[in-house]
Structures are given as structure tokens and as C-alpha cells.
Amino acid sequence: MESCNCIEPQWPPDDLLMKYQYISDFFIALAYFSIPLELIYFVKKSAVFPYRWVLVQFGAFIVLCGATHLINLWTFTVHSRTVASVMTTAKVLTAAVSCITALMLVHIIPDLLSVKTRELFLKNKAAELDREMGLIRTQEETGRHVRMLTHEIRSTLDRHTILKTTLVELGRTLALQECALWMPTRTGLELQLSYTLRQQNPVGYTVPIHHPVINQVFSSNRAVKISPNCPVARLRPAGKYMPGEVVAVRVPLLHLSNFHINDWPELSTKRYALMVLMLPSDSARQWHVHELELVEVVADQVAVALSHAAILEESMRARDLLMEQNVALDLARREAETAIRARNDFLAVMNHEMRTPMHAIIALSSLLQETELTPEQRLMVETILKSSNLLATLINDVLDLSRLEDGSLQLDLGTFNLYAVFREVLNLIKPIASVKKLHVSLNLAPDLPEYAVGDEKRLMQTILNIVGNAVKFSKEGSISITAFVAKLDTLRDSKAPEFLPVLSDNHFYLRVQVKDSGSGINPLDIPKLFTKFAQNQSTGTRNSGGSGLGLAICKRFVNLMEGHIWIESEGLGKGCTAILIVKLGMPERVNESKLPYVPKMPTNHGQTAFPGLKVLVMDENGVSRMVTKGLLLHLGCDVTMVGSSDECLRLVSYEHKVVFMDICVPGIDSYGITIRIHEKFSKRHERPLLVALTGNTDKVTKENCMRAGMDGLILKPVSLDKMRSVLTDLLEHRVFFEAI
């Protein structure tokens, strides 16, 4: 046997052992390669693990070991049986331990993540929470400052106070070194330094609005950091200090258009103002995001407050203008009322003063007409009477038109006989038409109500005026008067769209058409006929007479009766048709429509006289007193004349049947005399009838007469026929009030 230091003879390789080694090396390599993957996963999930470099180094070592075992698969040589057994045992143990380690790491990594790193995890989370809470507190602080600033800004609507308060509050909230507001000039080409925080009196320094920095700020709706050396940022005198950061933000200036005091105006952004904010000098402080947001919000709030202030200023300006207009209108109204009162007083005085001499002219002319006259003299007297009556009609027309224009004339509504109105018009117009040999016909529709509710006097005056014009402007031929209830299709006139009648059960619309064969009218002249003092200027009618007030008054009467009037004519020489529509009411009680017709004034009294009738006449005017006496004496009355109230009270007795008193005599209280006469005669049948003789045509006079207890009222002038009719009605009905 050879020495012991010799290498034992190698055993031939055993296939089974070799298979075990190969398998063991494979699993060892697999475990070595999986462990680093698990460590990488652990490091990734545990972001706060403090020894990452150790784990990286350990992973690299394991990878190298695994690579060594993997290489051994291709470097096997023949060994002795003992070495092979030891290597096999070691590899088997290494494989087992490696696999167990790999499996254990899978189970302990979650525990390591939850236990070993919890403290650092909580610290990181606490730090994040602190940052979030700080951000929330900052936002709340910003919101509080915004609310405070908004409240301060909106506590007033004065533009200057708003801007000054904004600078003060921003300077206090943000601890600013300076804050300024640049406003656009009137031309819009420059920005002017208008408000500053520290300087009490801004110097009015201007900067061109097209400066690049200004354009940069105006083009953004955010706060923009600008250079402290920019012209708009030079808010402090030059010195040896480090200027703080400066930001600028635009402030929209809302422009009002289409302003109405009862509606919200249109707002549009036309120009911008510039707000510049500077941090304290020689400090390391910088602008934070929440501070910039605060500045932007405040700029928007200032824009809203300025728009409200602009609306208030505009509304106050409109209110002041409206108040000035109201004052001017009130002054104009008072002046107009004064002028109207002066005109009415003048017309009232002139009415009385004109009617008094007219009374003498008409009365004496009518008396003269009763005497024996030559044909030439009678023609003269008739001309005097005709001219006097025309003048009296003109006076009435002027007074009616005056009261219509100032609105003092109101309709005297009552139930009247509609048929009787047309018969009276026909009876009054026929004598005049017969002189010109004109045939006048009246056609009343069967469905026309006999009685109606309205102003009988004004309706008759309107119809009589229209028919009178037809007679006046017709030399031959005929005149037809047609009246019927207007249907809805005949109510509308395309030339008068403003006339919108509405039918109902308690009223109807009366349509009257007066057609003549007279001289006709030029269609171009028709619109002028209803204006004051307008006359048809055609050659054939130039000398027909008239004042040009008739149709103007008729139109106003028709308007008061909620109607419409117009004239149709095909031209000169072709006649014309006058059409009027008025609204009348239906009688409420049935028995009213069954009342018998009683004419208001007899049309022919013949030679009726009143022999022996004792009459007392009180009139201060000697001429008027003499004229009235002449009328009464001609009618056979026994007349006593007095010129004062005391004399009237002394002479009036039971023998007197009628007392005529001029109630417009200066210095005489006719109403007081009436009351005293009532006291003197306690029994009504013993008291004489008290009749007022006046030239006043206002309703107040009539109401005062009735209130004082008078039995009648007569308007001057009075002709012989009128006096005869008055005495007849007065003695028959014991009352007579002439319509005013």
C-alpha cells in the first residue's frame, strides 16, 4: 500500500449522486435569484426603510452566489467518493436552507412592512397632514380677508371711498410697503396715478397705456409679477435700499349703457384700471400663491363695487334730472293753471259784459220788429236780429270750446226722448231750409230706441250744427238725416284706428248720417275742418259765414261721448256726407221708456200775453232794466223796477207773481236777497216766483241759484219770443231753468 499523502483513487462518477447535485444546484440558483426580487419588492413598498444600501449589497451577494452555483453545473470533475458525499450533503443543506429562507421572507415581509416601518410612516403622514392643514388655514385666512375686504368695500357706494378703502385694507392685510391705483384718463391713452396708500396727495403722474408691462398685465386676468423698476412700480423716492417684490393686477371698469331708472342697465368692460402692490423693502419676503389669489379676488370685488357705485351715481343723476323736470313741469303746470284761470275769468267777465249789451240789442230789435215797419226797415231789423243771434252763437261757441279744452265741461247725463231730439232738430232747421227751397228728410230706423241715457243738450247741439252746415253750404237739392243703431261692422273707420268701440248690453252706439247735395269739399281740406277757426275755402262757400268753431266743438263733444265723427266727399260740387257715432246708455227702468214726450219749449206761442201780471225787476244797470221792462210791458205785464236789494225787499209784496233779479250786479248779494224773500213769505204759494237773469254760463251759477231757492234761471240775451216762452213755462210748471 502506498504512502497516505497520495490522492486516493477517484471513484467513478455515480449517476445518482450527479443527478442530486444537478438538482440541488438548480434550486440553490433559483432561490438565490428569487430572494433579490423579494428584497426589491420590499424596498419599493417600504419607502421609509432606512438601510436601503445594505439590502442592495446583500441582494448583489446573493445573486453572485447563485451565479456560482449555476456555473458549477458545467464545471464538475471526477472526485473521490468522500468529497462527493460531503459536497452532496452541503449542497443539499444549502438548497434546503435557501428555500426555507426564501419561503420565510414571503411570510415575514408584510409583518416587517407593518411593524418595523410604522413609526416612520406615521411621521411622514403627520408631516403631510401638517402641510394640508397649513394650506387649509391659509385658504381660510385668505377667505376671511376676502370677506373682510369685500364687506369694507361694499359698505359704501361712493367710488372714491371704495378705492381708498381697498388700498388701506390690502396694505393692512398683506403688510405692504406701498399700494397704488392707476386710473385711465378721459382720453384713454394714459394711466394716471390716482390713489396711493402712503402718499396723501398723489402727484398725478401719468404713464402711456400702451407700455409693454401694462399690456402684459391687461392681457391676463391673474396677478402678474413686474419689475420694481417699471414706471408704474416707482412709488417711492429713489434710495439705497433693495425694493421688494411688486405685483400688478387689472381692475375692470364696467361701462354703463342704455341706462333706465326702472330697469337694470347693460354693463360692458371698456377699460381697465391698474392696481400695483409692493412688498416691504430690504426683506426676503416673496409673494405666496394664496396672497396672489387674494389680490385677484379683491380686484374682482372692486370691479363689482365700482359697477354698483356707477349704477347708483347714474340713478342719482337720473333722479336729480327727474326732480328738476318735475319742478319745471310743476312750475309749468301752475303757470298753465294760472293762465287758464285768468283766461276763464276773462271769458266769464267778457261773457257777462258782452251778453248785457247783446240783451239790449236783441230785445229792442225784437220789440221793434213788432211795430209797423216799412219793408226796408223790417229787412234792417231782421238783419240786426240775425247778426245779433250769430254773435250770441259765437259767444257760446267760444265758451264751450274754452271749457272743453281745459276739461271743465262735463256731460250732463240723463234719460231723454231720442226721437224728440231729431224732431226738434227738424223743426228748427225746416224754416231756414224752406227759404232756400231745400227738402229735408228724416229717417229713423225701426230698431232705434225711443229713450236713451246721455247728454241731450250736447247731442242736439252737435246734430243741429252738422245739419245747419248742410243747409248753409247747399243752394239747392235735398238734405237727408238718417239715424240707426250701429252694428260692429259699421263702427270701425280705417282712417281712425284709435277709435275702438266695445259693444255691451247696457249701451249702444248711435250712428247719424247727414247727406247733402251742396258744394262739396276738396278731399285735401277734410282733415282741416275739425281744427279751430278752419273754414272750407272753396269759391262757392267762401262767403257762407261762420266762425270755424262749429265742427271743432262737435268733434270734442263727440269725443266726450266716446264716439267718432268724420266727413266724406268726392270733391267740389258733389255734395258731402257727415257721419257721427256716439255712445248712449239704455234706460235702467222700464217705465222710463214709456214716459210721454213733453216738448221743452213751445215752438209757437202766437200772440200770448199776460195782462195785469205783476212783475218786479231788480237790475242796477239802467239800460238792461229798461230793456227788460220793455219786453214785459209788450207782453201786458204790470212792471215795477228797482235798482237795489233794499228797495227790492221793501217793495216786493204778495201781489207780485214774478221777480226778475240780475244776479251779477256788483255790490248786490242776490242769493242773500233770495233767502230773505223766502223768510218774508213763509207760505210757498204766497211767495212770488224768483227768477235769475244772468250772463254767466257756468254750472256754479245755476247750482248757487238752486241752492238759494230760486225758481228759475234765464240766460241773456232775451228776445221777446224767449221772454214769452219763459213766462208761459214758469207760470205753468212753477219752475224754469234754462240749460247751461
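Cβ coordinates come from backbone N, Cα and C, glycine included.
Given the structure is predicted, the values throughout are model-derived calculations rather than measurements.
Feature list (source: TrEMBL):
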BINDING   C65, H69  Cu cation binding site
BINDING   N469, A470, V471, K472, D516, K532, S547, L551  ADP binding site
CROSSLNK  K716  ubiquitin cross-link
DOMAIN    349-586  domain 'Histidine kinase'
DOMAIN    614-731  domain 'Response regulatory'
MOD_RES   D662  4-aspartylphosphate
TRANSMEM  20-41  transmembrane segment
TRANSMEM  53-72  transmembrane segment
TRANSMEM  92-113  transmembrane segment
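On the structure: features taken from TrEMBL.
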| residue | record | contacts (Cβ under 8 Å, 6+ apart) |
| --- | --- | --- |
| C65 | Cu cation binding site | I28, Y32 |
| A470 | ADP binding site | I479, V514, K515, D516, G518, A578 |
| V471 | ADP binding site | I429, I432, A433, K436, L438, V440, I479, D516 |
| D662 | 4-aspartylphosphate | M618, D619, E620, N621, S624, S670, A692, L693, T694 |
| K716 | ubiquitin cross-link | R355, T356, M358, H359, L693, T694, G695 |
Surrounding CB atoms that lie within 10 Å of the CB of N469 (ADP binding site), all protein chains: 24
Surrounding CB atoms that lie within 10 Å of the CB of D516 (ADP binding site), all protein chains: 25
Across the domain 'Histidine kinase' (349-586), average pLDDT on the 0 to 100 scale: 80
Within the domain 'Response regulatory' (614-731), residues counted as helix, strand or coil by DSSP: 56 helix, 25 strand, 37 coil
Least surrounded among the binding-site residues, given as K472, L551, when other CB atoms within 10 Å are counted: K472
